[in-house]
Amino acid sequence: MEDNYQNRTAFIKGAKDIAKEVKRHASKKVGRTVDRMSDEYSMRSYSRFEEDDDDDYPVQGSQDGGYYRGDSQAANEDEGGSDSTEGHDEDDEIYEGEYQGIPRADSGKGSLAGGPGSVKVDAQQFRDIGASEAERRKDQEELAQQYETILQECGHGKFQWTLYFVLGLALMADGVEIFVVGFVLPSAEKDMCLSEPNKSMLGLIVYFGMMVGAFLWGALADRIGRRQSLLICLSINSVFSFFSSFVQGYSTFLFCRLLSGVGIGGSIPIVFSYYSEFLAQEKRGEHLSWLCMFWMMGGIYASAMAWAIIPHYGWSFQMGSAYQFHSWRVFVLVCAFPCVAAIAALNSMPESPRFYLENGKHDEGWMILKQVHDTNMRAKGYPERVFSVTTIKTVKQIDELVDIGTDTPIWHRYRLKIMSLSQQIRKNIIACFSPEYKRTTFMLMAVWFTMSFSYYGLTVWFPDMIKYIQKQEYESRTKTFTNERVEHVTFNFTLENQVHRQGHYFNDKFLNLKMKYMVFEDSVFEECYFEDVTTTHTFFRNCTFIASLFYNTDLFKYRFVNCKLVNSTFLHNKEGCMLDFSDDFNNAYMIYFVNFLGTLAVLPGNIVSALLMDKIGRLRMLAGSSVISCISCFFLMFGNSESGMIALLCLFGGISIASWNALDVITVELYPSDKRTTAFGFLNALCKLAAVLGISIFQSFVGITKAVPIIFAAGALAAGSFLATKLPETRGQVLQ
C-alpha cells in the first residue's frame, strides 16, 4: 500500500508540474482553459489510482474538479511558488478591473465577461448553433433594457452636447461634399476644357463614391467600431479632397473626387448610429433630428465659401503654362476644413459603449458609461453623485477562431484577417434579409429609393430649369449679322452674344479681345491677326482662314467645326481654358445664391421635425411630410420664371426635410446594434444609386417638358408615403 501511495503521489506531482509548465507559457486568454484541463487530468489520474486502492485519503476540492486548485495552493506554499512565477488559479486571480474600480460583469466566469476572445474547451463549445444564437438574442434583449436604464441614470447633458457638435462636423462635411462639384463645375469645365459627357461624369462621380463608401464603412462600423470607422472614412475624405485641389488633369481630379466620396460616404450611417447609442429613449428622436441641421449647415457653408472665393479670379497663380491654381481650387481646399475639424475633435471622444457591450467588452463599456455619468453630473452641479451601476450585461460571443502560426508571413496573416472580416460582414448583410428583418428591410429599401429618386432628381432639375430659362432669355437678345464685309479694322473690345453669317474679314486685327457666346458661320478670314484672344462658348463653323496668324490665344481645335485653315499659323497657344466670371449667364447669383436659399429653406422643416418627432411619432412625420411634398410637386407646373422656380425650390426643400429626418431616426431604431450601421449603410448606398438614376432621368427632360419629371417625382413620393405607413412605429421603444 505504501508503494502504491508513493507511486500515486509521484504521478500526481508530475501531472501538476506539467500543468504548471503549460500555464506559465500559455497566453492569458487560454489560461483558464488550461486550468480546467489540468484539473480534469489530475482528477482522472487520481481516480485511476483510487480504483486500485480501497483506502480513502482526505482530498481538498469540490465537485467540479476543485482537487487541483486545492492541492496546487498547498504545493505553491510548500515550494515557495507565486502567481507571478508559477501561474495562478482562476479563483485566486486578481480581477484586473479592480485596480480601476470596475465591477465584474454579471455574466459569470469564463463565459460572457471574457469577451470575444474567451475560449471554452468543454461541452458548451459543441452546442447547437441555433441554441447559441437564441442565447445571444436573449442577452441582447436583456442588455437593451438594462442599457436604457443606465442611460436614464447618466442623464442628458454636457457629454451628449459635446458629442453632438463633434458628430455634427462630420455630418457637415457630408453636406459640403454634395455641393462641391456642382459649385466648381462651371469653373473647372473651362479650366480643364471639359466636354459635356465629362461634365456629366464629374457631376455624378461623387454619388458613386458615396454609394460605395456608405456600404463599406457602414458594414465595417459594426465590426471594428463606430469611432474607428468614422475616423478612417473622414481621413480618406480629407486626404483626397486636399489632393483634388492641386491635381491638374481631368482624370486625376475625377479619381480624387471619387475616393473623397468613398470616404465621406460612411459618415451618415455611422454618425446617426453612433449618436443614437448615447441617447435615452425620450431624447432620441428629437436630438437625432437636431443633428440633421448640420447637413444644412454644410450646404450653407459651401454656398457662402463658393460665393466668397470662386469669383475672385485674382486669387490664383501659375507656374509656366503647365501648372495653374485658380480660385476654384482654393474653394475645394477650404471645403475640407469641416472634415479636418471633425477628425481633430473626434480623437477626444470615446467609442460607443453599446458597441463594446455587444462585443463582450464589459470593462470598456462600463468605463465610458461612467465617464458619461460623471461628466453630466459635474456639469449639472452634482459631482458627489456616484455611478450606481455595478454590473452590465454583455452579449454572448460566438467565436470564430483562426489558427495562425507564429511562423506565418505577415502578408498571409493580414490576408486571413481580411478574409475573416469580409466573411463577418457578409453574414451581417445576409442577416438583414433574414426572416426576422426581411420585411422591414424591403419596406425601407422602397421608401429610401422613392424619396431619394424624387428629392435628388428635383433638386438638381430645379437649377437646370433655371439655367434653361436664363438661356432662353439670353438667346432672345442675340444679335445676328449677315453678309458683312470688314477690312482693316482693329477689334480690342468685347464681342458678346452675336451670330455672324457669310461675312468676309480682310486684314483685321483681333487684339486683347474677349469673345463670349460668339458664333461665326460660313465666313472667310483673310490675312487676319489674332493676339491674346480669350473665348467663352465661341465657335467657328464652316469658316475658311487664309494666311492668318494666331498668337497666344485659347482658340483650340474644337473651336473650329468643319473649318479650312490655309497657310495659317498658331504660336504659343494657351494651355487650358481661361476663366471669365463677368458672364451673366453663369453668374454667381444663379449658381451660389439659389443653392444658399435652397439649403436655408430647410431650417423651418428641421425645427418642426425636431420638436414634433417624439410627440407625433416617426411614421406620421415620415408619411405626412411625404404626402405634402408630393402635393407641392404639382405647383412646379406654374413655375415659368426664375423667381418662381426659386420659391418652389425653397418650398419643396423645407417640406421634404422632415421626412428625411424621420427616415433617419426610424432606420436607426429598427435594427439591433450589431447590424445597425450595416443596414443603414446599405440603405444609404441604395439612396445614392437612386439619386444617380433620378438626376440622369430628370436632366434628360430639361428644355423638353416639365410634366414628365413632375409626374415621376410625385408618383415616387406617393408610393413612398404609402409604404411608410406599413413600417412599425418605434417611438417609445428601447434601442435594440
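The backbone N, Cα and C atoms fix where each Cβ goes, glycine too.
Taken from TrEMBL as is:
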{"type": "COMPBIAS", "residues": "22-31", "note": "compositional bias 'Basic residues'"}
{"type": "REGION", "residues": "22-91", "note": "region 'Disordered'"}
{"type": "COMPBIAS", "residues": "32-42", "note": "compositional bias 'Basic and acidic residues'"}
{"type": "TRANSMEM", "residues": "161-184", "note": "transmembrane segment"}
{"type": "DOMAIN", "residues": "163-731", "note": "domain 'Major facilitator superfamily (MFS) profile'"}
{"type": "TRANSMEM", "residues": "204-221", "note": "transmembrane segment"}
{"type": "TRANSMEM", "residues": "228-246", "note": "transmembrane segment"}
{"type": "TRANSMEM", "residues": "252-276", "note": "transmembrane segment"}
{"type": "TRANSMEM", "residues": "288-310", "note": "transmembrane segment"}
{"type": "TRANSMEM", "residues": "330-349", "note": "transmembrane segment"}
{"type": "TRANSMEM", "residues": "442-462", "note": "transmembrane segment"}
{"type": "TRANSMEM", "residues": "589-612", "note": "transmembrane segment"}
{"type": "TRANSMEM", "residues": "619-639", "note": "transmembrane segment"}
{"type": "TRANSMEM", "residues": "645-667", "note": "transmembrane segment"}
{"type": "TRANSMEM", "residues": "679-701", "note": "transmembrane segment"}
{"type": "TRANSMEM", "residues": "707-725", "note": "transmembrane segment"}
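For the transmembrane segment (228-246), the residues of the chain that approach it from at least six positions outside its boundaries are 170, 173, 177, 180, 213, 217, 220-221, 253, 256-257, 259-267, 270-271, 274, 325, 329-330, 332-333, 335-336, 339-340, 342-343, 346-347, 351, 677, judged by C-beta separation under 8 angstroms. Per-stretch counts of Cβ pairs under 8 Å to the transmembrane segment (288-310) identify 645-667 as the leading one among 252-276, 619-639, 645-667, 679-701, 707-725. For the transmembrane segment (161-184), the partner stretch with the most Cβ pairs below 8 Å, chosen from 204-221, 252-276, 707-725, is 252-276. With pairs at least 6 apart in sequence, the transmembrane segment (330-349) and the transmembrane segment (707-725) have fewer than 3 Cβ pairs within the 8 Å limit; the two do not touch.
For the transmembrane segment (204-221), same-chain residues at least 6 beyond its ends with a Cβ under 8 Å from one of its own Cβ atoms are 177-178, 180-181, 229-230, 232-233, 254, 257-266, 268-270, 273-274, 421, 425, 428-429, 677-682, 684-685, 687-689, 691-692, 695-696. Beyond the transmembrane segment (330-349), the same-chain residues lying 6 or more positions past its ends with a Cβ under 8 Å from any Cβ of the stretch are 162-163, 165-167, 169-170, 172-173, 176-177, 180, 183-184, 227, 230-231, 234-235, 237-238, 241-242, 244-245, 264, 298, 301-302, 305-306, 309-310, 315-316.
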